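Here's what Swiss-Prot has on this protein:
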type: TRANSMEM; residues: 46-69; note: transmembrane segment
type: TRANSMEM; residues: 135-158; note: transmembrane segment
type: TRANSMEM; residues: 175-199; note: transmembrane segment
type: TRANSMEM; residues: 273-291; note: transmembrane segment
type: TRANSMEM; residues: 328-351; note: transmembrane segment
type: TRANSMEM; residues: 367-393; note: transmembrane segment
type: TRANSMEM; residues: 415-437; note: transmembrane segment
type: TRANSMEM; residues: 514-532; note: transmembrane segment
type: BINDING; residues: Cys556, Cys565; note: [4Fe-4S] cluster binding site
type: TRANSMEM; residues: 572-593; note: transmembrane segment
type: TRANSMEM; residues: 640-662; note: transmembrane segment
type: BINDING; residues: His651; note: chlorophyll a B1 binding site
type: BINDING; residues: Met659, Tyr667; note: chlorophyll a B3 binding site
type: BINDING; residues: Trp668; note: phylloquinone binding site
type: TRANSMEM; residues: 704-724; note: transmembrane segment
Amino acid sequence: MATKFPKFSQDLAQDPTTRRIWYGIATAHDFETHDGMTEENLYQKIFASHFGHIAIIFLWTSGTLFHVAWQGNFEQWIKDPLNIRPIAHAIWDPHFGEGAVNAFTQAGASNPVNIAYSGVYHWFYTIGMTTNQELYSGAVFLLVLASLFLFAGWLHLQPKFRPSLAWFKNAESRLNHHLAGLFGVSSLAWAGHLVHVAIPEARGQHVGWDNFLSTPPHPAGLMPFFTGNWGVYAADPDTAGHIFGTSEGAGTAILTFLGGFHPQTESLWLTDIAHHHLAIAVIFIIAGHMYRTNWGIGHSIKEILNAHKGPLTGAGHTNLYDTINNSLHFQLGLALASLGVITSLVAQHMYSLPSYAFIAQDHTTQAALYTHHQYIAGFLMVGAFAHGAIFFVRDYDPVANKDNVLARMLEHKEALISHLSWVSLFLGFHTLGLYVHNDVVVAFGTPEKQILIEPVFAQWIQATSGKALYGFDVLLSNPDSIASTTGAAWLPGWLDAINSGTNSLFLTIGPGDFLVHHAIALGLHTTALILIKGALDARGSKLMPDKKDFGYSFPCDGPGRGGTCDISAWDAFYLAMFWMLNTLGWLTFYWHWKHLGVWSGNVAQFNENSTYLMGWFRDYLWANSAQLINGYNPYGVNNLSVWAWMFLFGHLVWATGFMFLISWRGYWQELIETIVWAHERTPLANLVRWKDKPVALSIVQARLVGLAHFTVGYVLTYAAFLIASTAGKFG
C-alpha cells in the first residue's frame, strides 16, 4: 500500500478525515515540525531550496526574453519608442470571434497580441540590447543557468555535498561574502556592463561578443585610472541634444555626476547610473572585509553586541547574537522587513527618478510598476511581523535574553501598544472628520466652507531640496545659499529637473495631498498596531498568560476560558492583512489619480476634488471606470475587454471570500454532509467515493481560504482598473 500524503508526518497521514489533506498542505513548508527533522537537516533543506528558487526566477526571466524575441516587436519599438506600443506576447484563443481578433490585433501586429506594461522593453534597450538575436541569446543563457542551479540544488542534498550546521551558523563569513561578493562584486560587474556595453550602445556604437575586448569604452583608455587623473572620465558628458542610441550629441564621459534627466529619454543619465554602481561596489567590497573570520582580524559581531549598552537599556544587546543566529524565524523576519522597505523605496524611486530610457512617457507601465512594487512591499512587511511572532512563540528564550533590549520590548509592550492605539485613533477621527465635514458642506452647495489645510512643513522640506514654487527661499531653493552654489557645481541638472513641472520629481502638494497623506498614515499605523500587538502578545497576555503553549495559531481555548478566541498571533496577522490591503488601496488611488492629472496636464481636477469623499468616489473611481465597463457590450468589444472581464472576475473572487469569512464551521459541516449524502444517492456520482471522511474547515482554515479569495480578488480588481483606465487614456 502506498504511503498517504503527507509523507513528512505519520500522524497526519493516518488521519481518516479530509483534515489530512488540509493540514498536509498547511504544514508542507513548516520543516521544523516534520517527522525526524534535525536542526542540521532543516538548514540543509532550506539552503537547497534557495537554488530551486533562483532557478525558477531565471526560468521566468528567460521566458520573458524568449517571448519578446519570438512574438514581440522589440526591433520596431526601438525605432520609435514613444509611439509604438511594446508587445508582450501573442494570444491564441479559440473563443475569439472576429470582433475580438480585430480588437486585439494591435501595435502593428498581424495577429492578436497583449501589450507589455512591465517595462522590460525599456530595460532591455537601456542596458544595450538592440536585436531579437540578443534577446534569444539571453533567454538561452538563462535557461543554462537555471539548469545549473537546479543541479546545484540537487547536489547540495547529496550526503557528500551537504554543508554542516557549523557552516550555516558562521554568520561573519556569510556576511563578508554576501557584502563583498553578492552586493560589491555584482555592482562592480554591473557598472562594468554599463560602461563597456550600455553606454557605447546608447551612443550608437555596437558592442557585442565579437568586439567587446577590442573596443575601449573611453578614448583615453586606462591611463587616467593608473595615473590618478580620474576627472578625465567625467569630462565631456553627453549634451542636452543627445539622441539616445545614436552618436548625435554624444560625449565621451563614462562616470559622471550630472543629476537630473536626459532631455529626450526623460530618464537618469546612464553615466550617472554607472558612477552610482561603481561607488556602491567600492563601499560594499570594503564592507565585506569588516567582520572577523578565521584570521582573527576585523570585528566580531558578538563582541560588539555584548559590549553595546546604551543608556536606559538594561543589559543592552547582550546575547542577541545567539538569539538571532539560532532562530531562522528571527532572521527571516529581519530579511522580510528589510526587503519590504526596499521594495517600497523601489516603487517610490522608479517613477520619480526613472532609470530606463523612455519609461517615464509610458504612463500605464509607470502606474503598473508603482502599484506592483507597493503591493509586494505590503505582503513582505506583514510576513516580517508574522515570522517575528513565530520567533517569540518557538525560539525566544527568556533566560538567555534577560533584561536585554528584546526582553525590555516585551516588558513595556503595554506602553507601545497603547501609544500606537492613541495615534491610530487620533489620525482616524481627525482625518475622517475633515473628509466628512468637507463632504457635507460640498453636498449642501457651500464648498467654500471646506476645511483646507496647506501642508506647509512638507512644502518647506520640498523647498530645501530645491523646489522654488512655494517661495520659501531656503537651502537649494535659495540661489544665494552655499547649498545652491555647491549643488550647481556637483549636480547641475538637479534644479532644472525638480522645477520642470513635467516629471514626477517632488510633485506640487496642497490640501488634498495633506488629507490623503494622513489617511495613509492612519492605515500604516493601524496595520503596525495590529502586527506589533500580535507579535508582542504572541507569548502571552493578561487575558491568556500561557498563550505560548498553544502555538502560533489556535482558534480558542475552549468554553472554560471565555474570551480567548481571536487572540492568537495568527489572528493578528489575519486582521492586519485586511488593513494592509486597505492602506495600499488609499496609497495607490492617491498616486494614480495625482498622476492622471500630471500626465493629462489637468492637475486642478485632483486638487479641487480630492478634499471630500464624493470627489474620490465620483471623479476618481467612477469617472475612470467608464471605459473599463464598456470593454465589451452588445455592439462588440475593444482592446480593453480583457481588463473589463478581469475586473468582473476580480469582483467575483473577492465576493467569494466573504462566504468563508462570515460563515464558520457548523455551516460548512452541514453543507458538506448534505453534499456527500446527495452524491451517495445519485447515479454515476455515487461511483466516486471519498476515502477520507469529509469534515468542515477549521475556523483558522476557513479564514485562510476567505482571506486568500479576498486578497486575490482585491488585487485582480484594482490591477484591471488601473491598467485599463490608464491605457484607455494614454495607450
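Each residue, glycine too, has its Cβ placed from N, Cα and C.
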Cβ-Cβ distance under 8 Å to Met659 (chlorophyll a B3 binding site), same chain, at least six residues away: Gly706
Euclidean distance between Cα atoms of the residue listed as 'chlorophyll a B1 binding site' and Trp668 (phylloquinone binding site), Å: 23
Range from 135-158, 273-291, 367-393, 514-532, 704-724 with most C-beta pairs under 8 A to the transmembrane segment (46-69): 135-158
For the transmembrane segment (273-291), sequence-distant contacts whose Cβ falls under 8 Å of one of its Cβ atoms, 6 or more beyond its ends: 172-173, 175-181, 183-185, 187-188, 190-191, 194-195, 198-199, 254-257, 298-301, 355
Range from 175-199, 367-393, 514-532, 572-593, 640-662 with the greatest count of C-beta pairs under 8 A to the transmembrane segment (415-437): 514-532
Chain residues outside the transmembrane segment (640-662) and at least six past its termini with a C-beta under 8 angstroms from it: 100, 103-104, 625, 627-632, 697, 702-703, 705-721, 723-724, 727-728
Cβ contacts under 8 Å made by the transmembrane segment (175-199) with residues that lie 6+ beyond its boundaries: 126-128, 207, 212, 215, 217, 254-255, 270-271, 273-275, 277-278, 280-285, 287-291, 293, 301
C-alpha spacing of Cys565 ([4Fe-4S] cluster binding site) relative to the residue listed as 'chlorophyll a B1 binding site', in angstrom: 30
For the transmembrane segment (514-532), distant same-chain residues with Cβ under 8 A (at least six beyond the ends): 382, 385, 416-417, 420-421, 423-424, 427-428, 430-431, 434-435, 453-455, 458, 572-573, 575-576, 579-580, 582-583, 586-587, 590, 610-611
All-chain count of other Cβ atoms within 10 Å of Cys565 ([4Fe-4S] cluster binding site): 14
In the chain carrying Cys556 ([4Fe-4S] cluster binding site), residues 6 or more apart in sequence that have Cβ under 8 angstroms from it: Thr564, Cys565, Asp566, Ile699
Neighbourhood of Tyr667 (chlorophyll a B3 binding site), C-beta criterion under 8 angstroms, separation at least six: Ala696
Reduced DSSP assignment, the residue listed as 'chlorophyll a B1 binding site': helix
Count of other CB atoms lying within 10 Å of the CB belonging to the residue listed as 'phylloquinone binding site': 20
